[in-house]
Every structure is written in structure tokens, then in C-alpha cells.
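According to TrEMBL, the protein has these features:
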REGION    317-371  region 'Disordered'
REPEAT    14-55  repeat 'WD'
REPEAT    56-87  repeat 'WD'
REPEAT    98-139  repeat 'WD'
REPEAT    140-181  repeat 'WD'
REPEAT    182-223  repeat 'WD'
REPEAT    224-265  repeat 'WD'
REPEAT    266-298  repeat 'WD'
Amino acid sequence: MTSALEDPTLERHFKGHRDTITSVDFNSNMKQIATGSMDSCIMIWNMKSQMRAYRFVGHKDAVMSVQFSPSGHLVASASRDKTVRLWVPSVKGESTSFRAHTGTVRSVSFSGDGQSLVTASDDKTVKVWTVHRQKFLFSLNQHINWVRCAKFSPDGRLILSSSDDKTVKVWDKTSRECVHSFYEHGGCVTHADFHPSGTCIAAASTDSTVKVWDIRTTKLLQHYQVHSAVVNGLSFHPSGNYLITASNDSTLKVLDLLEGRLLYTLHGHQGSATCVSFSRTGDYFASGGSDEQVMVWKTNFDSADYGEVLRVQKSAAGAEGPALASDPPPGQCSETPRLPENPGPLPGTRGRTRSTGQALEIPRERHPQPETAVSDALTSTLEHIVGQLTVLTQLGEFMP
């Protein structure tokens, strides 16, 4: 293995959805990819060639978000029909459904232990549920416009939410209080997520920017003006060294967080790139677009670096969608962004593009590892879901 920087490569592309892709996620076993679409369907794609893809039909309106559970034994989906569904990602496609909100459900996400769900909605609320029996736990209510995205922190103690009210909020799960609001974006905040260390967050906006904050100091660490249109989604590489973004300008951008600069611009989608996600190991990432295509890319550029991170972690052990910005928000959100001052190349940069932010110093000691065993609670949940089986159509289609 060499440490030379290698370009990402497009490995596969999947066609089967009949409208814009809204969300994409990898199973932790790397054998499946789940996607949601404005066509109201969920597709489960198999990474192996010649394996069948499954189309799951059940939602009555557009699917806005999908995510595999940490174990990979469930897929959660959120829809404009105001419901959330939990699916077993197999040929039978059993599912159970519950009405989660009084408006479009924009986002659904599992906690790191797979026991809780957090949802975000156009009803301006964030809600937390148990996965087992889908019991409602509590609601977070301080946003004053549609909530586009909500995520748990890696340790499950915090919740992150982003909204059309142009704010990003961090909540304490135990006290249910908002511990800080970030106001720096000039447009609707379409997507946000925690850094794998749990110490930083990143957010994407209709103002065409991506921002990174330290939640311990609440300081803005980095500001990236690399897209020329709305940024719809983002995903951290599991190493914490890279961030990938998807935009209405049709491109994906790979950002080097340690050096604070744009590393790659990837062209592939014919139309808006609406969502993007790294695999659990970081070896691959997948993107979806308004062209109805799902593209799977091999990362390449961080193989040596992340391999070293994993070795360090193992040694230490011995002593874890976004909504469409084209969906018209209530009121005008976009503003003309200003390019930041160019700080110039940072020491040690691998000269490929101009620098776009300061170097980011992030601790690496807490990278969540994929769940490998099925807990008793999860087994019970699966049995309960099968017992609650609702009307569902399964369609096996051969992938092109």
C-alpha cells in the first residue's frame, strides 16, 4: 500500500428509481445500499454484480430520508406522507409504519446503539422514538421553520438539528434543552452531521456554503465556499479527515479538513447532486441525483491514512437525507454568498487546489465501529415488526 494520493473512481451506477433520489446509505456489511426517492419507493441495491435489487413500496408520498440501523438489520425511511417505516432489507421486505409528525418527515436517523430514532419535520419539531415498538419519547420544539435534518452524536448524548430558520441547534438528550444555536448561515440549513469524534459539526446550506464548528467552544472553525449553488447534503469520512458534499451545481466536492482545502471536484450527475454518503469503513461513497441515478465511487485517496487510523484504534483498544433544497421552502431562503479571504496554502498541503479554510485539529480517539452482533432487543424488535406486518408490495428487479 502506498501513501500516494489517488483519485476517486466511479465503480458502479444503479438505475431503477423513477424520480429524484433524496437519500442514500450503506449497510455496515457493505453488501447493500438503500436509497429513497421522490417516486415514493425505497430501493435496496446489492453491491455484488448480478444480484437482485429490491423495490419496497408502502409510502404514499415521496421518501425524503433512509438509513440503515448500525447492525444493518433494519432500514428506516421518512416520508412526505408524515410517516416513518422500519423495513427488513430482504426479499420479503416486511415493514411496520407509524405516524411520526403532522407534516412532511424530512429526516430519520438511528442512534449509535440502534435503540433510538430521531426524526425531523416540516411541523417544526424534532422527535425521539424507541426503535422497539416505536414508542414516542419526547419532542424538541424551538425551531421556527421546517426542520430539514436531525442526527444523534456518536455517543448518543447530543442531538443536532438544522432548519429553514437558518439555524443549527445542538440539544442535550437527557435534559432536552437546546445547549447552543449556530446562526452563521445566510440561508436554509439543508443538512448537518456530527464529526466522528463527536467534537465538531458540519452543516450545508442554500447559501452555497459549508461550515464546520467546534461544539465545545462553539467557534466557527472552517467556512467553505466551493459550490456555486445550493448544497444539499454532506458526509464525514469515518477517519474524520475528509468531508464530501453534494450540490445543485451537479458536483460532489471532497474537502480535506486537516488542511482546510478543497481536494476534489467530481462530475457525474446530469443535474443536481442531491445526497451523498460514505460507507461505514470509508472505502466507498455513494451519491444520488435529480437524474434518478445512484453512483457508487471508490474513495482511493485515503486508503493508507485510514488504514493507519484503524491500526492505532486497535492498538488503543488492546491497552457510525437530506432533504431536497429544490423543494420550495416557505419564504425566500437563498442569499448571495461572499467568498472568504483566501488564506493561502497551508504548510504540507498536497497542491491540487486553493486553500479554503484553516487547518482542523480534531481528536481521533472516538471513532464508532459498526455493530456486529444482533442484540436480544434488536431480535425482539425484528420479531415485533414482522408481527405488525402492514400492506407491502415486494418487487425484485434485476439491476442493469
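Cβ coordinates are placed from backbone N, Cα and C, and glycine is handled just like the others.
TrEMBL: automatically predicted annotations, no manual curation.
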May I have the DSSP-based helix, strand and coil counts for the residues of the repeat 'WD' (224-265)?
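Helix, strand, coil within the repeat 'WD' (224-265): 0 helix, 24 strand, 18 coil.
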Let me spell it out: take the repeat 'WD' (266-298), skip the flanking residues so only those 6+ beyond its ends count, and list any with a Cβ under 8 Å from a Cβ in it.
8-15, 17-26, 28, 30, 33, 35, 37, 43, 45, 47, 229-230, 232-239, 244-254, 306, 320-322, 324, 326, 370
Just to be sure I understand, if DSSP states are collapsed into helix, strand and coil, how many residues of the repeat 'WD' (182-223) fall in each?
0 helix, 23 strand, 19 coil
